[in-house]
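Read the structure below first, then the notes.
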Amino acid sequence: MQLLKKIKQGSPGWFLLTAGIILLLLIPNLNIIINLFGKAGENWEHVRDYLLINYFQNSLILVLASGLLAAFLGAGLAWIIAAYDFPGRNFLSWGLILPLAIPPYIGAYVYQGMFSYTGPLQTFLRNDFQLQLSQQYFDFMNIRGAIFIYTIFLFPYVFLMTKAFLSRQSASLLESSRLLGKNDSTIFFKIILPLSRGAVVAGSSLVMMEVLNDYGVVKYFGISTFTTAIFKTWFGMGDLATAVRLAVMAMLVIFVLLFLEKLLRGGRKYSYSTSNIRPLSRRKLKGSKKVLAQFFCYGVFFFGFLLPTIQLLYWSFLSRGGELLGTLNFALTSFLTGGGAAVLILTGAVIVATTARMSSSFISNLLARITILGYSIPGAVIAVGVLLFMLQLDQIFLFLQTGFGIEINLVLSSTLVMLIFAYAVRFMGIAFNSVNSGYQKIGESYFEASRTLGKGVTETFFKIDLPMLKPALMSGFLLIFIEIMKELPLTMILRPFNFDTLATKAFEYASDEMIYRAADLSLVLIFFSTAAIYLITHHRRRKNNAVEN
Amino acid sequence: MQLKIDNLTFAYNKKEGNIVENFNLEVQKGEVVALVGVSGSGKSTVLRLTAGLEIPDSGKISIAGQTAAGDHKFKAAEKRKVGMVFQDYALFPHLSVEKNIAFGIDHLSKANRKARVRRLLELVNLEGFEKRYPHQLSGGQQQRIALARTLAPGPELLLLDEPFSNLDAELKDKIRRDLNEIIKDVGVTTILVSHDREDAEFMQAREVLMS
């Protein structure tokens, strides 16, 4: 009855469309679980008895270590930026997000290239100082190296979430702690860290999901994880059934992580007893503390963005004029695929979020959970689910054609349709969150005012909601666009024959030790990502200023 | 009879209990009624139910002799011809004053629409404000534009949700006087919600206490 009460307010069209979208998002995941009960592949026993434990171990070590280190690094930096003032702070408050513009697999080959025997560091030491150090000091291609790469390029997730959280905290909290005689480090560990635990855990769980999703770094470094194993059994051995089983195992790991996240975030939600909150005022740093803060922040920026970018520029310079036409070609493919897919995904998300808004909180929470599911599951797993689904569809088409003579000259597997569908499964959650937070900012009364003025749900949507959602749609578009530009595992598995994006080609060149060629493509990719990050952060800033004035 | 509410019962959440229970109200055409009560007494909810923004659990609402809710029927908000001025005014920020007012009368021809917008701006004493945007108006001006927008389609019923709560004391007297004048001028049946009995007296409204 309660359900009916809320549904009645919307229009059935929106609910039907939403139900369709949700079903499409769920099918690939359900497919995998159902297939678990099917026949095991021929390699499964071997994998289970000899390799599985290794996959588990490696994946867990990578995920937990990177998650933990990124949590400390991100939370510490967020605290410095939120609570202190020093020269360069303004730039760093968005500059420290920039490591996200460099996909970890590009960072991995850049660092490996720098540290290798023929790389600039060792060459420099050899030629100018006659230093010949043991290669073990420079060995980057191991678990420790991978953890470093993940931490330095993914910590901004924690940084962003914690910084946003801290900017909403009350100044009197800190001031009263100081008046009670606590020094800054006590305040950080006793007040700030426990208070922002939820934000830090949320950011860190994003890092862990990215690590589990990653294919490029571990493949390049030769570390076996679930993702590489799925690739190997599928492409190397052509054993889809075993790949499915591995995918289920990876999903189990994810569910354990999600459960842990919930546990760590805790049921406790702190809220203020008063609505009148004065935001944190930043303390000016002087002397050695200032230098220390600058040294730390710029240091992280240097290793997470500046150094790899300079190295890439240098390589690109060495190969100048190399493959300009090819680069442009891949850039165009990436651009069109990313842009087109982002528009499609955003359209779907707008439909789902609009329905969520008209529904009871139970339904809208459920919709939010389902859309974000794809982002928690590693790309390689989604790829398996999507491929199974498309193969089933093709079989149905074939059946209709041979059985009933209905002409459907349509094959979906290994087409761009399949790839874009997979992107949608993976990134729908990001789009949904953008649109949903846009709706929350707008509130309900405009919608209701329009209804009482005689406009139905759909007309209200086009005349009122859509124009007011524009900023949220813009930042949602940019977020999905860069995610798709950087995306590797889904694209590698599901792309049509001869279809290459900047990401896949850069990774291929790097894997073939054609670093100079990879450099051009990587730079274009980083340029687009940086531009998108700049647009998103500076658009928000302008808006914040407008509110303050 | 312009509005008739019988045995209206409603809960946002079954666990929290009914916020409106067996509520009855009759309003004659042209009458001004004030629902007065403390916060949480369900007075704003009655407005939302009347406007069609919430669906009652039981009971019946008739507007101008037609069933709006009850007897297994539910008329959507956009079909009730009930105008509502929201507490935060809800002027569409991306539309000019003129377009805000014209929003509910786009079935009229362009010339008629223009004339009607001009007449309404005259009514609320804001001639010449056509091209402004909501953020360029003061709080009092925003309220008058919201009123003009609500009156534009000629509603059967005007609902005012806490019309004086966002205003400082000085402005309040003037606004109450203006509002009273406009409502009497148009002769529209009005229900307003307030936590302050003084508002009801000032508007010469029939008081209905809610608890």
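Here the Cβ of each residue, glycine as well, is placed from N, Cα and C on the backbone.
What TrEMBL lists as domain 'ABC transmembrane type-1' is A:56-261, A:330-537. For A:12-38, A:58-84, A:91-111, A:147-166, A:187-209, A:240-260, A:291-315, A:335-354, A:366-390, A:396-425, A:472-494, A:514-536, the entry in TrEMBL reads transmembrane segment.
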The transmembrane segment (A:58-84) touching the transmembrane segment (A:291-315) per 3+ Cβ pairs under 8 Å rule: yes
The transmembrane segment (A:335-354) and the transmembrane segment (A:187-209) contact flag, 3+ Cβ pairs under 8 angstroms: no
Contact set, same chain, for the transmembrane segment (A:514-536): CB under 8 Å, 6 or more residues outside the stretch: 94, 97-98, 100-103, 106, 109-110, 113, 309, 312-313, 315-316, 318-319, 322-324, 327, 330-331, 334-335, 475, 478-479, 481-482, 485-486, 502-503, 505-507
Positions whose Cβ lies under 8 angstroms from the transmembrane segment (A:240-260), at least six residues beyond its ends: 29, 32-33, 35-36, 38-44, 47, 52, 55-56, 59-60, 63, 205, 208-209, 212, 226-227, 229-230, 233-234, 376-378, 380-381, 384-385, 387-388
